[in-house]
Amino acid sequence: MKLNLTKVVNGCRLGKIKNLGKTGDCTMDIPGCLLYTKTGSAPHLTHHTLHKIHGVPAMAQLTLSSLAEHHEVLAEYKEGVGKFIGMPESLLYCSLHDPVSPCPAGYVTNKWLVRFIGLRVGLPKDEVKSVSVWGVGGRVEITASKFMAMQQALQPDWFQCLADGEATCDEATSMKRARKSVDRSLLFLDNCLKLQEESEVLQKSMIIGVIEGGDVLEERLRSARETAKRPVGGFLLDGLQGNPATLETRLHLLSSVTAELPEDKPRLVIG
Amino acid sequence: MAAAASPTSLESAPRIMRLVAECSRSRARAGELRLPHGPVATPVFMPVGTQATMKGITTEQLDALGCRICLGNTYHLGLRPGPELIQKAHGLHGFMNWPHNLLTDSGGFQMVSLVSLSEVTEEGVSFRSPYDGEETLLSPEKSVEIQNALGSDIIMQLDDVVSSTVTGPRVKEAMCRSVRWLDRCIAAHRQPDKQNLFAIIQGGLDADLRATCLEEMTKRDVPGFAIGGLSGGESKSQFWRMVALSTSRLPKDKPRYLMGVGYATDLVVCVALGCDMFDCVFPTRTALKKKQYAKDFRPIDPECTCPTCQKHSRAFLHTLLHSDNTAALHHLTVHNIAYQLRLMSAVRASIVEKRFPDFVRDFMGTMYGDPTLCPAWATEALASVGITLG
């Protein structure tokens, strides 16, 4: 993958990403958007109808939340999610959650419930080794190893690394919570990178590192600098979507964060 | 046009159907309809052009599947906002962007089934809109006026529809009224050279009533006949007998449209009984939702050339059906229509090549594992026209 910038105007980057995909011959324009899919299909449209539309993005976004419960089927299929969904020629990016509904109600409550029970039976306080996604069938808990096993079955071109984005679901992030989201996400990243090294199938897939830290600038910068040290293919700036009231704060955070990121790697935002 | 045609004028009535071949055993026929927007080979399955947004496919997809006639919705288009708008859009063909033939219904059936506040009188079907409380009357004249504005190639008379499960004097009343409404439709029809008005045979499941209706309606000078009032809750045994009675009394040189009949076995049997045109709206329930298909990586039908089967496996469709993405239903609609059209094509070829009875035996064998395992009603119906299974 090679990112070439042709112009930068007031911080806005214009360019192309070349040598994408398994065969290395796809190109994407930046700025660009991804094709939203639900369970591997554009909403309401068959593949046939979709391609009557001019200008369909070269890269489609799949959500792990809609595919996690079908892991077994995909693992048995073996040939990757692109072929399974009938889009073998499309570039694929696998995000963790659905950008339309990332934080279902009760997400935070569940976590508190787990912690409460954890305390009562004497489990360590910080026992979160998994992240939950919500599919049609309900909650699916995913550890780093389960996550990488799923990515092995999917074989996407890019995938968002397992990360702790809960800090952004809360109304107001505490410093402590923001710090935890950064620490946990870096831990997940290091675990996943190690597991990727051991997987032949995933050699051609690129991990996208996730920048966390809630609304705390210090934590955001730390997340950016630390994530940039790892061999990721690009960066997802998590938690900037959502509540319009906090938009200005978040845009300020956004520009501070991107200043810390290498120029030759793509930066993604959700929703 | 005269309300009741005399026998001599029947000789000069336009013939839109050309018979190409007839089965020597059964009543099956292969033919060609000559319609304003092009020829249509029969027997023919006519998909509904816009099956509501949940299951719809585009006119482009229909054309690509080889469809040359489909159904348009008079109720949804003609009544709200009205025929003037459709005329401005160059008729229903222009509005839908469909270059081939269209058949529209009278609007009556949907009105009665969709609107709870409807009432049938001699004048027509009147109803009160649940949205603005406005009272509208769909009379035979109004229905024809709307369909004239829509510009469809085949238009249907407004008939007094009763469910096939209804018994008693209401059935006779509806049948007689349908004859009177047919005459009013014929009188009101302003474009007989551009649009073909079909009569609809009623009479429920009563052989005498149906026979009377057949006798009366065949006196009228119409280009084609529909067999109505069936495909409701009646038993299959009664159903086929009414179809057979109808085809035995309808003129051979005019098309027979069996309304609301579309499932594979029914289609094949009713072709044998002498029907030429069919339509059906498919329900959404589907076997693919079952667990056994979760890891079935084959297409629905390996010999099907539709886009769904070309690109997708049963496993993927199973996955999609269990999601909240309606795309799954569109995939299935495309395949179902492709299947129906292909089936009709195969049926027609077998009639032209004088091997229809063998085709029926093979078909039943494929459907049921063995021709002798075919449902009793179908076996009886086929036997009545000289086709024995197994």
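Here the Cβ of each residue, glycine as well, is placed from N, Cα and C on the backbone.
Among the candidates B:His100, B:His189, B:His331, B:His335, the residue that TrEMBL annotates alongside B:Cys304, B:Cys306, B:Cys309 as binding Zn(2+) is B:His335.
Range with TrEMBL annotation region 'RNA binding', chosen from B:106-112, B:260-266, B:323-329, B:365-371, is B:260-266. TrEMBL lists B:Asp105, B:Ser106, B:Gly107, B:Gly108, B:Phe109, B:Asp159, B:Gln202 as substrate-binding residues, and of the candidates B:Gly133, B:Gly229, B:Gly232 the one it assigns to that same site is B:Gly229. Confidence across the region 'RNA binding' (B:260-266), taken as the mean pLDDT and rounded to a whole number, stands at 89. Cβ neighbour count for B:Gln202 (substrate binding site): 30 (other Cβ atoms within 10 Å of its Cβ, all protein chains included). Listed in chain order, the residues near the Zn(2+) site other than B:Cys304, B:Cys306, B:Cys309, B:His335 are B:Pro299, B:Ile300, B:Asp301, B:Thr305, B:Pro307, B:Thr308, B:Gln310, B:Val334, B:Ala338, B:Tyr339, each with its Cβ within 8 Å of the site Cβ centroid.
Maximum intra-site Cα distance, substrate binding residues B:Asp105, B:Ser106, B:Gly107, B:Gly108, B:Phe109, B:Asp159, B:Gln202, B:Gly229: 17 Å. Once Cβ contacts within 10 Å are tallied over all protein chains shown, the binding-site residues B:Cys304, B:Cys306, B:Cys309 are led by B:Cys306. Under the DSSP three-state reduction, B:Phe109 (substrate binding site) is assigned to helix.
For B:His335 (Zn(2+) binding site), applying a Cβ distance below 8 Å and a minimum sequence separation of six or more within one chain yields B:Ile300, B:Asp301, B:Cys304, B:Cys306, B:Thr308, B:Cys309.
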